[in-house]
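Look at Swiss-Prot and you will find 10-30, 38-58, 93-113, 121-141, 155-175, 181-201, 236-256, 273-293, 334-354, 355-375, 389-410, 417-435 tagged as transmembrane segment.
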Amino acid sequence: MGSQELQRKLGFWAVLAIAVGTTVGSGIFVSVGEVAKAAGTPWLTVLAFVIGGLIVIPQMCVYAELSTAYPENGADYVYLKNAGSRPLAFLSGWASFWANDAPSLSIMALAIVSNLGFLTPIDPLLGKFIAAGLIIAFMLLHLRSVEGGAAFQTLITIAKIIPFTIVIGLGIFWFKAENFAAPTTTAIGATGSFMALLAGISATSWSYTGMASICYMTGEIKNPGKTMPRALIGSCLLVLVLYTLLALVISGLMPFDKLANSETPISDALTWIPALGSTAGIFVAITAMIVILGSLSSCVMYQPRLEYAMAKDNLFFKCFGHVHPKYNTPDVSIILQGALGIFFIFVSDLTSLLGYFTLVMCFKNTLTFGSIIWCRKRDDYKPLWRTPAFGLMTTLAIASSLILVASTFVWAPIPGLICAVIVIATGLPAYAFWAKRSRQLNALS
């Protein structure tokens, strides 16, 4: 077993690229239409993306403080553990591993193949093998070098931003102001009302998730006291500007009633640009593949650090804590999580059911934001960066997360509750086993 610790090798730009690259994923290709349908007017659609991004800032402030107080790998698991609840910390990691981390790899890999299928016909079985090959390729990349993986992540993040910049540039040139003056749609509630704006903001929520992924790797980040706050808040502002400009130009490119009813808003909007026309679909398919490739790469890179942290505490399979003696990466954790992701590729029906675990993951985030209150009561709590206006920021972080929990519960109440029961029913016995084993190992040492 490799016994050495992971080293701090990641600088600010690599960390920023991971945060932005994880956040800007396939969701934005459909969320503009969903937000437009919920908000009901072009201006409220744009405003929803602005406010949706601003709401995330308090959450990133909480993560920034916690990550500088506990600059180690593991994110939510570490924060809940230090807040005084090892069982909750374990359950958060348990749920993440089985219901979020590995399945997300399969979902993204299959999404890349789906977009590839837009360009050329692909046999379904062959497509699954291509998806598996993508996961294996990124496993090898991130297993061999954290610096090499970070360099690739920086390049792919730049590559995924370029097409959006092109869309924004073309959109400004072909922008039609009359689309903002056209009659509004009959969206949720009274059009233009406060409730419609809230609905629009809620619809942006998933587009802004992913920035806190870098907290999984805090133990490998140089100067975390400065790097983490800058990367977390900076990535939020960058994504906010990108999404707001996209929403603005797309709302100005096509009639709003068509936008609000579009399942592929970016692709449909680009067909209104004469320079692209029928090639818009190809452009979007290629862009989507680049975007999802970046997200898949970042997930293969950061997610295994959670199980690594749990294994180091003797609360997970010991092999997950192995560090490669030459490459200084959590090699076994990367391999096994990737292997589970490949398994899910070939069990697609099971993967679709795992979406119902979203309620559990949202509630886990709420608990993490609340953990800062208990952490601040500890005598040994000494963060290198503190959240400004702590009471207000923490309240906003918890409240915005609870709203997401509520909306997720409304989407699938019974399946969500069943999944919560599954996590507890399987997680608590597993925790009892590893906690007992951990005590025995500590007694022997």
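Glycine is no exception: its Cβ is also placed from the backbone N, Cα and C atoms.
Computed from a predicted structure; not experimentally measured.
By the Cβ criterion (under 8 Å, sequence separation of 6 or more), the transmembrane segment (355-375) is not in contact with the transmembrane segment (273-293), since fewer than 3 such pairs are found. Within the same chain, residues 86-87, 90-91, 94-95, 99, 314-316, 356-357, 359-360, 363 sit at least 6 positions outside the transmembrane segment (417-435) and bring their C-beta atoms closer than 8 Å to a C-beta of that stretch. Contact between the transmembrane segment (93-113) and the transmembrane segment (38-58) is not supported: fewer than 3 Cβ pairs lie under 8 Å, counting only residues 6 or more apart in sequence. Below 8 angstroms of C-beta separation, residues 16, 20, 23-24, 28, 32, 35-36, 41-42, 45-46, 48-50, 52-54, 56-57, 60, 161, 164, 167-168, 170-172, 174-177, 179-180, 182, 184-185, 204, 207-208, 211, 262, 265-266, 268-270, 272-273 of the same chain, each at least six residues beyond the ends of the transmembrane segment (236-256), sit close to that stretch. Looking at 10-30, 273-293, 389-410, the range that has the most CB pairs within less than 8 A of the transmembrane segment (38-58) turns out to be 389-410.
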